[in-house]
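Enquirer: One structure coming up, written as structure tokens, with questions to follow.
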Amino acid sequence: MKLLHASVCLISLLLVLPSIFAASSSKDFDFFYFVQQWPGSYCDTQKSCCYPTSGKPAADFGIHGLWPNYKDGTYPSNCDASKPFDSSTISDLISSMKRSWPTLACPSGSGEAFWEHEWEKHGTCSESVINQHEYFQTSLKLKQQTNLLGALTKAGINPDGNSYSLESIRDSIKESTGFTPWIECNRDGSGNSQLYQVYLCVDRSASGLIECPIFPRGKCGTEIEFPSF
């Protein structure tokens, strides 16, 4: 009888464990990176770019993604295959997303493939905090709140193809947002370092900006270009 009871307990445990691990994959993260990219730097590379089917985006930073992360620098991904991207859940946000979260990948697209990738790779790992609609809505609000281009131009840093100090770029964004950004650079077709992406950190509840617990790896030069678009 004891052997039968032990067997039943073992079977029950084996049945429960997968659901426990599935749940933890979406709950176990520490903070978000909110990442915005400069379209001029995305396009000004040897690979170039393609404008979305709706036309050339505005000359402004566009959203790349809202990424759950761990404090050790690693991150969860593709956490819930049962919750695929569903454009009908964000129908009220589509027009704003086309403006603020445009695709520049080739071939030209509407943006849905880009949004689908971001949701399924990153968004599904934040489901314990925000649902699909809230994931995209939160990202749009963060872009409006941070207003990176406004912060830079106010400091005299303009997308005119000139070079600016990395320190001045970082300081102007920190002064405007109240938090220290991490700057990612890429290289143009001639190999020059240029302002590509800006990372800011968001608390685990996705309710506001915080100081980053850890920055990504990589570095820029002390002087970097800010190309036009």
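The count begins at 1 with the first shown residue.
Backbone N, Cα and C define each Cβ position, glycine as well.
Sequence annotations record features per position, and here TrEMBL assigns signal peptide to 1-22. TrEMBL lists HIS64, GLU118, HIS122 with the feature active site.
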Enquirer: Looking only at HIS64, HIS122, the active-site residues on record, which one has the least crowded Cβ, with the fewest other Cβ atoms within 10 Å?
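Expert: Selected from the active-site residues HIS64, HIS122 on minimum Cβ neighbours within 10 Å: HIS64.
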Enquirer: Identify, in sequence order, the residues in the chain of GLU118 (active site) that are 6 or more apart from it along the sequence and have a CB within less than 8 Å of its CB; answer 'none' if there are none.
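Expert: For GLU118 (active site), the qualifying residues are HIS64, GLY65, LEU66.
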